[in-house]
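Going by Swiss-Prot, these are the annotated features:
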- Asp50: active site (ACT_SITE)
- Asn98: active site, proton acceptor (ACT_SITE)
- Asp50, Glu239: Mg(2+) binding site (BINDING)
- Gly51, Asn52, Arg53, Arg54, Phe55, His67, Ser95, Thr96, Glu97, Arg101, Arg220, Arg226, Leu227, Ser228: substrate binding site (BINDING)
Amino acid sequence: MKRVTGVNSRRVLRQAVRVSLKPVYKMYERILEEKVKEGRVPEHVGIIMDGNRRFARELGLEPWEGHRYGADKLEDVLEWCLDLGVKAVTVYALSTENLNRPKEELKRLFDLMEERFKALAESERIHRRKVAVRAVGRLHLLPTRVRRAIKKAERATKEYKDRFLNVAVAYGGRQEIIDAVREIAHDVKVGRLDPDEIDEGTFRKYVYVGDLPDPELIIRTSGEERLSNFLLWYSAYSELYFVDVYWPEFRKIDLLRAIREFQKRERRFGR
């Protein structure tokens, strides 16, 4: 028999514990879901989908295979969010810094993005729930084939106005602010905008998802506890929740715990 050691042994033990506790978790999940539905659910949830590569590494897989597991998980999590009454979900799929990863990994990532955006355009789930799909970021940095797939998904869902899936790709929070400032500077220069009238409301018109409420809750998986340049303009008063599981292993009970914790917090907005 092959001996399992190190990281893999811990993973096997963790999986064994989860299997043995599955009936208990299911019961707890039902109770927790009832409590969550009794309280106020955030309208907009941001998710930093972290840990795909580490998940793959622990399974002895290639990094891109971890990203595929992560893409599968997104469909489930979106469905859970919508079932709970969340109106908008913004997920961090690819940062501007991620564009510096090895060429082979990026190629696989772009292949996956092209495939999944095309699938979103025709997804029964997306159209049944009437979810508008949008990509936000410096999209010009993506290959043409990926941009075409994005446009296909956006066109196919553009009539939907009540629920949103925003996918942040080639995205950086600082870069978004810089892009907004450049556009504002241009409009001031050509006389379209009076600089004395610029306020937060004005600025919102120039950021990527300024038409939506700020995310009330931001969840990050994998155990890392930082925003990593995600939604910087919007997150001034967001509640942050960090969970110590890799994104492909994120469960409905983890989402319920995050929202339940959100409901328990007192949001004072600096007052």
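Every residue, even glycine, has its Cβ placed from backbone N, Cα and C.
Highest local Cβ density among the recorded positions Asp50, Glu97, Glu239 belongs to Asp50, counted as other Cβ atoms within 10 Å over all protein chains shown. Shown are the recorded positions Ser95, Asn98; the one with the most C-beta atoms within 10 angstroms of its own C-beta is Ser95. Look at Asn98 (active site, proton acceptor): DSSP puts it in a helix. Here the binding residues for substrate are Gly51, Asn52, Arg53, Arg54, Phe55, His67, Ser95, Thr96, Glu97, Arg101, Arg220, Arg226, Leu227, Ser228. Their largest Cα to Cα distance works out to 22 Å.
In the three-state DSSP reading, Glu239 (Mg(2+) binding site) counts as strand. Counting in whole angstrom, Gly51 (substrate binding site) lies 21 from Glu239 (Mg(2+) binding site) by their C-alpha atoms.
According to its DSSP assignment, Arg53 (substrate binding site) is helical.
The Cβ of Gly51 (substrate binding site) has 24 other Cβ atoms within 10 Å, all protein chains considered. Sequence-distant contacts of Phe55 (substrate binding site), defined by Cβ-Cβ distance under 8 angstroms and a gap of at least six in the same chain, are Gly66, Tyr69, Gly70, Tyr246, Trp247, Pro248, Glu249. Glu239 (Mg(2+) binding site) and Glu97 (substrate binding site) are 24 Å apart (CA-CA, integer value). In the structure as shown, the Cβ atom of Arg53 (substrate binding site) sits within 10 Å of 20 other Cβ atoms.
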